[in-house]
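The structure appears right after this line, and notes come after that.
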Amino acid sequence: MDIAIHHPWIRRPFFPFHSPSRLFDQFFGEHLLESDLFSTATSLSPFYLRPPSFLRAPSWIDTGLSEMRMEKDRFSVNLDVKHFSPEELKVKVLGDVIEVHGKHEERQDEHGFISREFHRKYRIPADVDPLTITSSLSSDGVLTVNGPRKQASGPERTIPITREEKPAVTAAPKK
């Protein structure tokens, strides 16, 4: 039986991409999926790439999702903070930035001991007064930070368009 031996000094066509470390395929900061713990026939292929996170199973919802919305009458930020109690969260306004900070010390869960900390910053839109920003925490662990948008001053009016007979662009004189 013949055994193929690959010498390290021989470069193959896709050399950096055959590496078992899969550096380009790592999703840094994301939790592991169950499928990541088991090798499959496709993951053993040197050309296999893990699908992008937006195409994977909806377990990404469980990762501290943040959403910022600009509606007609208000600005809002929704942030999943279900692993934190209200005492472990701080919301501050510094100039035109909202800072959300959450931290809990090491504690035991079903897998062992864990501690968590995060910092998020959101720019406050120009038409939102920083003094009117409020925050609330829902029973399912979603922190909502919002503020009303300033209404345009004065009533809306339509401006008529007049037609002029002379051109706006005139040709430059020839030399």
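Backbone N, Cα and C atoms are what each Cβ position is placed from, and that goes for glycine too.
Feature annotations, courtesy of Swiss-Prot:
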{"type": "MOD_RES", "residues": "SER19", "note": "phosphoserine"}
{"type": "MOD_RES", "residues": "SER45", "note": "phosphoserine"}
{"type": "DOMAIN", "residues": "56-164", "note": "domain 'sHSP'"}
{"type": "MOD_RES", "residues": "SER59", "note": "phosphoserine"}
{"type": "BINDING", "residues": "HIS83, HIS111, HIS119", "note": "Zn(2+) 1 binding site"}
{"type": "MOD_RES", "residues": "LYS92", "note": "N6-acetyllysine"}
{"type": "BINDING", "residues": "HIS104, GLU106", "note": "Zn(2+) 2 binding site"}
{"type": "MOD_RES", "residues": "LYS166", "note": "N6-acetyllysine"}
{"type": "CARBOHYD", "residues": "THR170", "note": "O-linked glycosylation site"}
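Features recorded in Swiss-Prot, as mapped to the structure shown.
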residue : record                      : CB count, 10 Å
HIS83   : Zn(2+) 1 binding site       : 15
LYS92   : N6-acetyllysine             : 11
HIS104  : Zn(2+) 2 binding site       : 15
GLU106  : Zn(2+) 2 binding site       : 9
HIS111  : Zn(2+) 1 binding site       : 6
HIS119  : Zn(2+) 1 binding site       : 10
LYS166  : N6-acetyllysine             : 5
THR170  : O-linked glycosylation site : 7
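In this structure, the C-alpha atom of GLU106 (Zn(2+) 2 binding site) lies 17 angstrom from that of HIS119 (Zn(2+) 1 binding site).
Across the structure, HIS119 (Zn(2+) 1 binding site) and LYS92 (N6-acetyllysine) place their CA atoms 11 angstrom apart. Neighbours of HIS83 (Zn(2+) 1 binding site) among the recorded positions LYS92, HIS104, LYS166, THR170, defined as a Cα within 10 Å of its Cα, are HIS104. Note on proximity: among LYS92, HIS104, HIS111, the recorded positions of the record, the Cα nearest the residue listed as 'O-linked glycosylation site' is that of LYS92. When secondary structure is read from DSSP and collapsed to three states, LYS166 (N6-acetyllysine) falls in the coil class. Counting in whole angstrom, HIS111 (Zn(2+) 1 binding site) lies 17 from HIS104 (Zn(2+) 2 binding site) by their C-alpha atoms.
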